[in-house]
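According to Swiss-Prot, the features are:
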type	residues	note
BINDING	10-18, 29-35, 59-60, 116-119	GTP binding site
MOTIF	32-40	motif 'Effector region'
REGION	167-188	region 'Disordered'
LIPID	Cys185	S-farnesyl cysteine
MOD_RES	Cys185	cysteine methyl ester
Amino acid sequence: MTEYKLVVVGAGGVGKSALTIQLIQNHFVDEYDPTIEDSYRKQVVIDGETCLLDILDTAGQEEYSAMRDQYMRTGEGFLCVFAINNTKSFEDIHHYREQIKRVKDSEDVPMVLVGNKCDLPSRSVDTKQAQDLARSYGIPFIETSAKTRQGVDDAFYTLVREIRKHKEKMSKEGKKKKKKSKTKCVLM
């Protein structure tokens with residue numbers, strides 16, 4: 001069974017833990033208890049393949065930023081979460097993305113942009129703004145509500161699909177390199 005290491009990143013209070021717990025335990029956590037770092041595992045079937053999701057729920061608080069490099073190194077894919085009622089959390093996405101690319105030493109890291117709290121009546125981040133940002137990054141965008149469960153499975157499952165596409169692309173590139181290295185050199 002394939003295991004996928006997913007990491008949930010974003011500013012404090014955007015609902016990273018609420019999304020993760022909604023996926024794993026099917027319930028909404030109402031009270032805010034800042035996370036230092038929690039790990040969850042769940043077996044799911046995505047597109048007919050049984051797989052194990054190993055989800056790292058991270059601290060959004062700045063005082064824990066030193067821990068980020070470590071979990072970014074081990075993660076295969078990242079849910080970059082902001083709250084639709086918090087413009088600053090949306091602006092912070094750029095910093096998380098840059099840090100992930102730096103730590104992974106790659107421009108091409110599987111990510112999904114997630115706009116959480118879409119059940120709230122007032123929003124300060126427009127859907128189009130988020131779609132445009134995701135398009136500029138070349139990643140999917142999904143709106144979620146940890147409270148109503150809207151889009152929760154979709155966000156995590158889309159990330160797994162992004163990781164699969166990335167692995168497929170990497171293995172194709174690896175095969176191309178191997179083919180090239182088998183050509184014979186003739187000296188005259």
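Glycine is treated like the rest: Cβ placed from N, Cα and C.
Taking a C-beta cut-off of under 8 Å and a sequence gap of six or more, Asp119 (GTP binding site) has these contacts in its own chain: Ser145, Lys147, Thr148, Gln150. The candidate set comprises the binding-site residues Gly10, Gly13. Of these, Gly10 has the most other Cβ atoms within 10 Å.
Within the same chain, the residues at least 6 positions away from Val29 (GTP binding site) whose Cβ sits under 8 Å from its Cβ are Ser17, Ala18, Ile21, Ala146, listed in sequence order.
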